[in-house]
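K.L.:
Take a look at this one; I'll ask things after.
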Amino acid sequence: MVSFGILFVYIVFSYLDGMTATLCNAGLVLFGVIGSFYLPESPYWLVKKGRLKDAAKSISRIIGPKRRLKQKRLLTETVTLYEKEKSEGSRRHKKDSALQQIKLFKKRRNLKALSFLLLIFLLRELGGISTIFHYILLVFQESNLSIDIFTCTIIGGVTRLISNILTSVLQDRVGRRKILIPTTFISAVCLIFTGLVFHFDVESLKIICVVAIMIFILTVSMGMGSMPFMLLGEIMPMEVKFVGNSIIIVYFNITLFLVLCTMPSIIRIFGVNFLFLLFGSVNFATSVIFYFLLPETNRKTLTQLQNIFK
């Protein structure tokens with residue numbers, strides 16, 4: 001839906017005046033607000049409140065009503081995990097205290113999970129995904145391309161939408177590592193190639209740079225576009241999930257704000273070629289970090305995920 005919304009914005013602002021385009025976007029926001037009322041509640045939270053039937057219904061909505069064996073298994077795992085935490089002396093079921101959860105970060109597995117997720121979201125923003133999508137018109141304009149920049153922008157939006165559809169199909173079949181490692185590496189190659197072409201001002205290769213940018217959009221959307229948020233739900237231990245996820249989201253938005261505020265100045269001072277080389281270098285470093293440190297979370301049980309950094 002995010003990709004569709006971005007594509008929608010690209011299209012309406014390319015062909016409509018500012019006021020009409022803004023009203024169209026407001027309609028999409030209203031649609032999203034209405035849709036949020038139909039989101040399923042967290043099964044773990046429902047189990048914690050003793051609402052087992054509602055937890056079973058929530059799991060059914062999340063994974064599909066026909067997968068009954070998996071529904072029963074996930075419900076059993078959720079109840080078992082809650083009972084285990086309860087038997088170990090955790091008082092989260094009696095009183096949800098942010099201070100209590102903060103103290104639980106003294107545990108090695110909780111601190112490692114938080115630190116690793118903070119690193120992932122930092123690399124996500126320094127890898128250029130938000131900058132390219134938010135300033136794609138400025139990037140194409142500074143690149144002095146001979147083709148229409150609005151057309152390039154719309155093509156980029158379509159590419160991102162296709163990429164997210166592919167991700168939804170592949171993520172559970174292929175796994176997180178097999179998606180994130182190659183996509184970050186390919187993103188690095190595309191950006192470094194584009195940065196070098198613009199640095200040496202090779203006019204004959206600039207049209208190929210458009211293709212390279214589209215490949216970057218395709219690969220980064222498949223990997224760092226959505227995967228960090230999936231890992232956030234999978235890696236963060238249940239006992240600190242409320243505070244941990246809140247820390248990550250606040251940190252992500254602050255990082256996003258700072259990156260988006262500084263990038264236009266960086267483009268003006270150092271040029272768009274420096275930007276591509278910077279993002280490419282970060283993506284290459286990210287692929288190396290993922291190769292050595294990223295655990296595979298696909299097809300892991302809830303208990304295995306909780307102990308992944310133990």
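Quick reminder: no glycine exception, Cβ is built from N, Cα and C everywhere.
All annotation found in TrEMBL is predicted automatically rather than curated by experts.
From TrEMBL, here are the annotated features:
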- 1-298: domain 'Major facilitator superfamily (MFS) profile' (DOMAIN)
- 6-39: transmembrane segment (TRANSMEM)
- 113-139: transmembrane segment (TRANSMEM)
- 145-167: transmembrane segment (TRANSMEM)
- 179-199: transmembrane segment (TRANSMEM)
- 205-230: transmembrane segment (TRANSMEM)
- 242-267: transmembrane segment (TRANSMEM)
- 273-294: transmembrane segment (TRANSMEM)
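Are these features on the surface or tucked inside, and what touches them?
P.N.:
Sequence-remote contacts of a segment are chain residues at least 6 beyond its ends whose Cβ falls under 8 Å from one of its Cβ atoms, and for the transmembrane segment (6-39) they are 133, 150, 153-154, 156-158, 160-161.
Sequence-distant contacts of the transmembrane segment (113-139), counting only residues of its own chain at least 6 positions beyond either end whose CB sits under 8 Å from a CB of the stretch, comprise 6, 105, 149-150, 152-153, 156, 160, 184, 187, 191, 213, 216-217, 220-221, 224-225, 228, 231-232, 235-237, 240, 244, 247-248, 251-252, 255-256, 259-260, 263-264, 267, 272, 275-276, 278-279, 282-283, 285-286, 289, 293, 308-309.
Residues 127-128, 143, 167, 170-171, 205-206, 208-209, 212-213, 215-216, 219-220, 222-224, 227, 271-284, 286-287, 290-291, 294 of the same chain lie 6 or more positions beyond the ends of the transmembrane segment (179-199) yet place their CB under 8 Å from a CB of it.
Under 8 Å from some Cβ of the transmembrane segment (205-230) lie the Cβ atoms of residues 3, 117, 120-121, 123-124, 127-129, 132-133, 139, 143-147, 152, 155-156, 159-160, 162-164, 166-167, 170-171, 176, 179-180, 182-184, 186-187, 190-191, 193-194, 197-198, 283, 286, 297, all in the same chain and six or more residues away from its ends.
Using a Cβ-Cβ cut-off under 8 Å and counting only residues 6 or more beyond its ends in the same chain, the transmembrane segment (242-267) has close neighbours at 96, 98, 101-102, 105, 110, 113-114, 117-118, 121-122, 124-126, 130-131, 134-135, 138-139, 142, 232, 236, 274-275, 278.
If one looks beyond the transmembrane segment (273-294) by at least 6 residues along the same chain, the residues whose Cβ comes under 8 Å of a Cβ in the stretch are 116, 119, 123, 126-128, 131-132, 139, 176-177, 180-182, 184-185, 187-196, 198-199, 220, 224, 263, 266-267.
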